[in-house]
Amino acid sequence: MAAGPERPVAEAQQQERDQPPIENGFMWLEQTQAPRLLPHVDGSVLPSLGGFGKHQKQLVILTWIPALFIGFSQFSDYFLLAQPNGTCVQPLVNGSNWTMGSLTLPVTVTNGGIGTPVPYLPLDNGTGGGVGDSGGMQCACKEWKLELQTGLSQNVVTKWNLVCDSAWKVHIAKFSLLVGSIFGYLVMGILADWFGRHPVLIVSVLFMLVFGLSVAFSFNVTMFSTLRFFEGFCLAGLTLSLYILRIELCLPGWRFSMTMVASFLMVGGQLVMPGVAALCRGWPARDDWQVLQIIIICPFVLMLPYIWIFPESLRWLLATQHYRRSKAMMLCIARKNQVSQCSISLSELEHELHKKPKRTCIVKMTSTRNLWKNIVVLCVNSLTGYGIHHCFARSMMDPEAPVSAMFHADYYTMAGIAVATCLALCPAVAFMGRRGGLLTFMIITALASLLQLGLLNLIGKYSLRHDTVLRDTLNRKFSVAFSIIGMFSSHAVSTLSIFFCAEITPTVIRGGGLGLVLASAGFGMLTAPIMELHNQKGYFLHHMIFAACTLLCIICLLLLPEPRNQPLPESLADGESYTRQPLLTHRPGEQHLLLTKPGDRDLYSRVHDTPRHLTATGDAPEGHQWLDLNGW
């Protein structure tokens with residue numbers, strides 16, 4: 001009975017005795033084999049299947065179409081939760097000694113004098129017992145007349161009178177979509193690495209339709225905020241999976257241009273959104289905000305056929321060793337691209353069919369030496385870019401103008417800046433590369449922020465201390481100019497950071513890595529409603545913190561590699577080998593110690609040291625190679 005279990009142990013011990021002994025960390029290496037082609041998708045697999053052929057182009061176009069609908073959903077808060085003009089029809093009390101509190105909407109009174117500010121009454125003798133107002137004040141009005149200037153005649157704020165002591169619920173509703181997106185990026189990114197890009201895409205579309213349409217039938221603001229959380233969660237999964245699929249379909253020369261087309265379509269959704277809202281105004285059967293929500297969500301029905309027509313990412317299948325599914329997909333791609341011979345990849349694939357699928361979680365990133373640092377740097381860049389973007393946007397707006405009156409001017413200004421950013425990114429990245437372009441735009445962002453914070457005070461302190469009118473005019477003009485420049489550069493930083501991460505993160509954890517950077521961007525966006533909730537208190541400190549972060553990012557960006565015209569890394573080893581290139585070229589005769597080519601990386605992974613006793617005697621087993629690194 002004991003002989004059975006002991007036999008494998010004895011055989012293992014015999015094999016260990018047959019092998020040369022390990023000495024001082026040296027071990028034997030088998031005869032070098034021909035380099036494998038399957039791990040090099042950009043270098044061997046895709047070119048043998050027709051490169052960026054008809055099949056890949058059709059699928060990339062299919063990833064562009066939803067970008068317009070995603071733009072609608074991402075900017076819907078500007079209309080569904082817009083602040084209205086408020087008129088108090090019936091105040092609670094009359095009197096002349098009312099104190100003015102801090103409201104976010106312009107208000108007037110029809111009882112007791114037109115144009116008089118709406119009165120506020122302190123609660124608990126001014127001790128601050130009010131809810132939703134930072135000063136503890138409550139609006140003394142029984143009946144409101146609220147008017148929107150954003151294309152709709154009614155939205156969530158006017159539907160449930162979310163003003164005065166209920167104004168905080170508007171900010172919670174804004175939080176819900178962003179917080180849902182942050183969780184969606186983190187969770188869906190991990191699922192995209194574990195189960196594939198296609199399942200995440202389909203599940204996100206199905207639940208996006210369910211939760212998105214349910215938002216339109218909310219009967220109170222609590223239900224609206226809850227459903228918006230899940231809508232943001234599904235929207236994040238949809239955005240993430242499409243972004244990854246688009247990147248993984250393209251060869252190195254096409255990646256950035258195909259991504260920028262999707263960015264243009266998303267900005268196009270932002271530009272078209274006011275027209276869509278205007279078409280929904282005055283709907284007879286339902287509230288027009290409900291009609292707007294339905295119109296935003298219904299186009300996602302066009303993505304239901306993606307269940308059958310959109311395949312899984314071939315790059316992910318090969319990286320995770322789903323070789324049987326890869327073989328069928330490669331034959332299908334070769335047929336659609338009209339490629340007659342792809343025997344090199346298929347012949348190697350035949351020998352790998354016995355291997356089981358191997359998945360990797362984003363947690364494995366912590367075991368790397370360089371990869372996790374690169375991802376952390378890009379996360380900080382993305383957070384800083386979106387966070388300081390709100391600071392510039394607020395500085396650009398006229399603080400004395402009503403929010404609703406300046407809505408269209410500010411909205412189209414931000415959309416125009418986004419279009420200009422996308423137009424400028426294309427030549428900038430083509431000329432300077434990913435790292436050079438990101439560093440340039442981050443320097444511009446830091447300069448615009450520091451000049452806006454410091455130069456304006458110097459102008460008022462030393463140059464125009466007596467002419468206050470001219471000083472205020474110049475301050476305002478300089479503030480607007482620096483804000484536009486800062487919004488332009490910060491938007492470029494955010495866009496390029498996300499794309500940079502998608503290029504340097506290995507395929508096996510690309511979903512999780514990209515999810516981390518997109519979630520960091522969501523945290524940056526979240527600063528806007530947080531500042532509004534606190535009635536812009538601490539805004540200067542908020543801007544100062546992000547200005548300091550830009551300086552930190554400039555230093556950290558020098559540590560990043562340059563992925564332009566480089567193949568996408570497939571495994572963790574590939575991602576770890578993407579190291580920073582030296583700024584200065586090597587001198588003639590210098591030895592390059594870093595192996596950056598794919599073939600060299602594979603060769604280096606099979607190299608081990610030679611035992612000293614065999615090096616000294618020259619005796620080595622037949623059929624094995626030895627390499628002594630002591631004399632390297």
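Placed from the backbone N, Cα and C atoms, the Cβ positions cover glycine too.
Annotation source TrEMBL lists domain 'Major facilitator superfamily (MFS) profile' at 63-565.
The annotation transmembrane segment is assigned in TrEMBL to 175-195 (among others).
Residues or ranges marked as transmembrane segment in TrEMBL: 201-221 (among others). Counting same-chain residues at least six beyond the ends of the transmembrane segment (201-221), those with a Cβ under 8 angstroms from any Cβ of the stretch are 73, 156, 160, 162, 169, 172-173, 188, 227-228, 230-231, 233-238, 241-242, 245, 290-291, 293-294, 296-298, 300-301, 303-304, 306-307, 310.
Taken from TrEMBL, the feature transmembrane segment covers 233-254 (among others).
Feature annotation from TrEMBL assigns transmembrane segment to 260-279 (among others). Within the same chain, residues 63-64, 67-72, 74-76, 78-79, 150-152, 242-243, 246, 292, 295-296, 408, 411-412, 415, 418-419, 422, 425-426, 495 sit at least 6 positions outside the transmembrane segment (260-279) and bring their C-beta atoms closer than 8 Å to a C-beta of that stretch.
Here TrEMBL flags 291-309 (among others) as transmembrane segment.
Listed by sequence, the residues of this chain that lie at least six past the ends of the transmembrane segment (411-431) yet keep a Cβ under 8 A from its Cβ atoms are 78, 256-257, 260, 263-264, 267, 270-271, 274, 393, 396, 437, 440-441, 484, 487-488, 491-492, 495-496, 564. According to TrEMBL, the transmembrane segment annotation covers 411-431 (among others).
Annotation comment: TrEMBL describes 438-460 (among others) as transmembrane segment.
Same-chain neighbours of the transmembrane segment (480-502): 243-244, 247, 256, 259, 263, 375, 378, 381-382, 384-386, 388-389, 391-393, 395-396, 413-414, 417-418, 420-422, 424-425, 428-429, 434-435, 437-438, 441-442, 444-445, 448-449, 451-452, 510, 513-514, 516-518, 521, 524, 560, 563, counting only residues six or more beyond its ends whose CB sits under 8 Å from a CB of the stretch. According to TrEMBL, the transmembrane segment annotation covers 480-502 (among others).
Among the features that TrEMBL reports, transmembrane segment is placed at 514-533 (among others).
Marked as transmembrane segment by TrEMBL: 539-560 (among others).
For the domain 'Major facilitator superfamily (MFS) profile' (63-565), the model's average pLDDT works out to 82. Counted over residue pairs separated by six or more positions, the transmembrane segment (175-195) shares at least 3 Cβ pairs under 8 angstroms with the transmembrane segment (514-533), which defines the two as touching. With a cut-off of 8 Å on Cβ pairs spaced 6 or more residues apart, the transmembrane segment (233-254) and the transmembrane segment (539-560) reach fewer than 3 such pairs and are scored as not touching. Long-range contacts of the transmembrane segment (291-309) within its own chain (CB-CB distance under 8 A, at least 6 residues past either end) are made by residues 62, 65-66, 68-69, 72-73, 76, 79-80, 152, 201-202, 205-206, 208-209, 212-213, 215-216, 238, 276-277, 280, 283.
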